[in-house]
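Annotation source Swiss-Prot lists active site, proton donor at CYS118, citing sequence analysis. Taken from Swiss-Prot, the feature phosphoenolpyruvate binding site applies to LYS22, ASN23, supported by sequence analysis. As annotated by Swiss-Prot, UDP-N-acetyl-alpha-D-glucosamine binding site applies to ARG94, ARG123, PRO124, VAL125, ASP126, LEU127, ASP308, ILE330. Among the features that Swiss-Prot reports, 2-(S-cysteinyl)pyruvic acid O-phosphothioketal is placed at CYS118, with the record citing sequence analysis.
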Amino acid sequence: MDQIVIRGGVPLHGAIPIAGAKNACLTLMPATLLSDEPLTLTNAPRLSDIATMTALLRSLGAEVSTLQDGKVLALSSHRIDNHTAEYDIVRKMRASILVLGPMLARDGHAVVSLPGGCAIGARPVDLHLKGLEALGADLTLTDGYVHAKAPGGLKGAVFEFPFVSVGATENILMAATLAKGTTVLKNAAREPEIVDLARCLRKMGAQIEGEGTSRITVQGVDRLHGATHPVVTDRIELGTYMLAPAITGGEVELIGGRLDLVAAFAERLAAAGVDVSETAHGLTVKRANGRVGAVDVVTEPFPGFPTDLQAQMMALLCTADGVSVLEERIFENRFMHAPELIRMGARIDVHGGTATVTGVPQLKGAPVMATDLRASVSLILAALAAEGETVVSRVYHLDRGYERVEEKLSACGAQIERVKET
């Protein structure tokens, strides 16, 4: 098993290219199941989660080819000969549930195991199922599998999400494109990844209005055709690397970065004393003067502060001058990185969904263990600023969502390497 070794205290200087969004690509890939014509995705990230989704789609009968060193995905679902997404694949990744809506909409039946992924709270799929039932699906849950049927096809309906859910919005949006009549999704998620999905589906012939707002309207069509679509920039990878020069000092340009994707996050960085400016090729980030200042953070659905940047922001605030309060409103049990940061000398007090962080003058290197995807990279950020050597174990979490992180950081001067665990 791999470990990442970091020797901290080096200010970063250079440029980091930002990949296509993992969360967008994992939604776009199942969209191939809606059509019997090819779908080509460019600017795809090279991640283990993408490989998992590739394996899942192939198990259903889809063809998936990787081109240009994995940056282009060529998908074709002209023949779907298996409508069961097995537990052995689905358990590895929560996004696997996104094959349910497309298969059900196109062929009228699907069987999908309940998914896995990061161990962050309950993260139920209830809203996916309730939304599909609103479109006329007959669903039963047996032995950990969702059995879905719609022999007469799905039918448009008005469905209001009781709370905002990105995954459920994506699943039901895809299913609605082939439903008979009009579907209206109220209190829909507004994330850029949903906007990206809607744009791709529209290229495939779907009739969609309102993406990026809380009300999405879909007029169902008889069939969708093929398309070519670039995956939107990964705003979580972007935000993560924006924190690298903020926590170490120095100045880094983030190629392909877009401020509109991370506006709420950038505002909190600016409040802490970090300079963020737009360039011809992306964004430049540098720490303004001395230590960053303490700021309070509340995670919210887009366009608010992303929950997927909470752990990384905590790493920065461990080095801030003063006391910060982070309130996690999206997921329960999402402070599992705090005990590991404490091993590095951080002062963090967690009560329920709130963490109080008192900044310390200097973090210290230590052996630490990643508990989930975002926690793993928060430990790497902390290690970049720490005195001495830090060894991060269980970095397989990292490879699910970050493309060649050690290469990108070392190109900016970080002393970081991947080694085999001894």
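Keep in mind that glycine also has a Cβ here, set from the backbone N, Cα and C atoms.
Given the structure is predicted, the values throughout are model-derived calculations rather than measurements.
Sequence features, as recorded in Swiss-Prot, placed on the structure.
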residue : record                                        : Cβ contacts under 8 Å, 6 or more apart
LYS22   : phosphoenolpyruvate binding site              : PRO45, LEU47, ASP49, ILE50, ASP234, ILE236, GLU237, ARG400, GLY401
ASN23   : phosphoenolpyruvate binding site              : ALA95, VAL166, GLU191, GLU193, ASP234, ILE236
VAL125  : UDP-N-acetyl-alpha-D-glucosamine binding site : ILE97, LEU114, PRO115, VAL146, GLY167, ALA168
ASP126  : UDP-N-acetyl-alpha-D-glucosamine binding site : none
LEU127  : UDP-N-acetyl-alpha-D-glucosamine binding site : PHE161, PRO162, PHE163, SER165, ALA168
ASP308  : UDP-N-acetyl-alpha-D-glucosamine binding site : ILE236, ARG374
ILE330  : UDP-N-acetyl-alpha-D-glucosamine binding site : THR299, GLU300, PRO301, THR307
Note to self: Using DSSP and collapsing to three states, where does VAL125 (UDP-N-acetyl-alpha-D-glucosamine binding site) fall: helix, strand or coil?
What the structure shows: coil
Next item on the list: Using all protein chains in view, find how many other C-beta atoms are within 10 Å of the C-beta of ARG94 (UDP-N-acetyl-alpha-D-glucosamine binding site).
Entry: 19
Notebook entry, point to check: What does DSSP assign ASN23 (phosphoenolpyruvate binding site), in three states?
Noted result: helix
